[in-house]
Amino acid sequence: MNKKRDFIDTKDFSKEEILFMIEIGRKMKESIKNGHYPQLLKHKTLGMIFEQSSTRTRVSFETAMTQLGGHAQYLAPGQIQLGGHESVGDTAKVLSRLVDILMARVERHQTVVELANTAAIPVINGMSDYNHPTQELGDAITMFEHLPKGKKIEDCKIVFVGDATQVCASTMFMATKLGMDFVQFGPKGFQLREEHLKIAEENCKVSGGSYLITEDVDIALKDADFIYTDVWYGLYEAELSEEERMKTFYPKYQVNKELISKAAPHVKFMHCLPATRGEEVTDEVLDAPYSVVIDEAENRLTAMRALLVYFMNPYVREAGFAVAEKYDAELELLLRNGAGL
């Protein structure tokens with residue numbers, strides 16, 4: 001049996017492994033668009049733990065499991081005892097006997113870490129207060145689909161505009177893993193922490209990428225191939241009132257037509273959604289031909305399929321045809337003999 005692996009943070013995977021996941025996702029997307037649904041996860045069950053409500057994450061995982069022949073169970077907030085009457089570890093141990101893989105969207109990053117450390121099955125981080133690795137993978141797939149003509153991913157520059165959200169941190173992790181140039185254009189007090197920058201630095205040593213944090217719009221946007229933004233509330237600052245939030249970010253950090261004009265002519269706009277129209281991005285940009293936000297949303301599904309197959313298929317393969325034939329025959333005999341009971 002292969003050693004169990006989890007998808008908690010992309011720092012746990014090499015660039016080559018990430019590229020392999022991307023290739024799996026793109027190949028299955030192509031297959032499904034051509035009408036063939038590979039039944040790679042037949043009879044497998046995904047348990048989905050949600051401490052936060054979600055649209056894209058839940059629908060993407062459920063659809064992915066159905067398309068690949070499996071089944072997903074939604075464990076809603078308040079429906080399970082996660083860290084309450086029952087410890088996180090006990091929940092992980094029990095669910096390990098009932099489902100084949102777990103996905104958890106949690107309030108605290110330590111919760112998904114504890115689930116992974118205790119569960120006997122793979123655990124996927126569906127988002128925490130630290131990072132959003134499934135979004136990272138979907139965004140990487142989207143960037144590969146929209147590479148500027150004549151450029152490789154390593155030649156590209158991505159600029160994250162605004163607050164240091166989980167998605168901002170994850171965008172930097174993925175960009176520097178792939179060898180891209182990453183810039184956060186955001187105000188002091190709302191920039192990525194030193195702990196995030198250390199991971200980016202280690203990634204860059206291997207990949208040849210770069211990272212920069214700046215408040216200078218011209219430096220940030222120069223030659224940008226991709227511009228990304230997220231809502232204006234981030235990883236670690238105290239909750240701001242709407243008035244304080246607008247005063248901090250508006251208008252300098254709003255992605256509008258003027259800001260877009262400072263980037264490369266072929267620039268693409270990205271947003272993880274949901275977006276607050278008129279705040280971090282204008283309608284004009286969000287709905288523009290260069291906006292790829294709906295492609296991003298679709299590629300959440302592409303990423304989920306890739307992750308589920310990457311982490312579960314080795315266990316499926318290990319069973320082998322001989323094992324399947326053995327148990328099919330034994331079950332058929334048992335049921336035949338017991339038919340008269």
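Placement of Cβ uses the backbone N, Cα and C atoms for every residue, glycine included.
Owing to the predicted nature of the structure, the values given are computational and were not obtained by experimental measurement.
Carbamoyl phosphate binding, as stated in Swiss-Prot, involves SER54, THR55, ARG56, THR57, ARG58, HIS132; the candidate among ARG26, ARG105 given for that site is ARG105.
Ranking the binding-site residues CYS272, LEU273 by how many Cβ atoms sit within 10 Å of each one's Cβ puts CYS272 at the top. Comparing LYS29 (site 'Important for structural integrity') with ARG56 (carbamoyl phosphate binding site), their Cα atoms are 17 Å apart once rounded. Put simply, PRO274 (putrescine binding site) is 10 Å from SER54 (carbamoyl phosphate binding site) when counted between their Cα atoms. Other C-beta atoms found within 10 angstroms of the C-beta of HIS132 (carbamoyl phosphate binding site) number 26, with every protein chain shown included.
Counted over all residue pairs in SER54, THR55, ARG56, THR57, ARG58, ARG105, HIS132, the record's binders of carbamoyl phosphate, the longest Cα to Cα distance measures 15 angstrom. Cβ proximity to the putrescine site centre (mean Cβ of HIS271, CYS272, LEU273, PRO274, cutoff 8 Å) flags the following additional same-chain residues: ASP230, VAL231, ALA275, VAL293, GLU296, ALA297.
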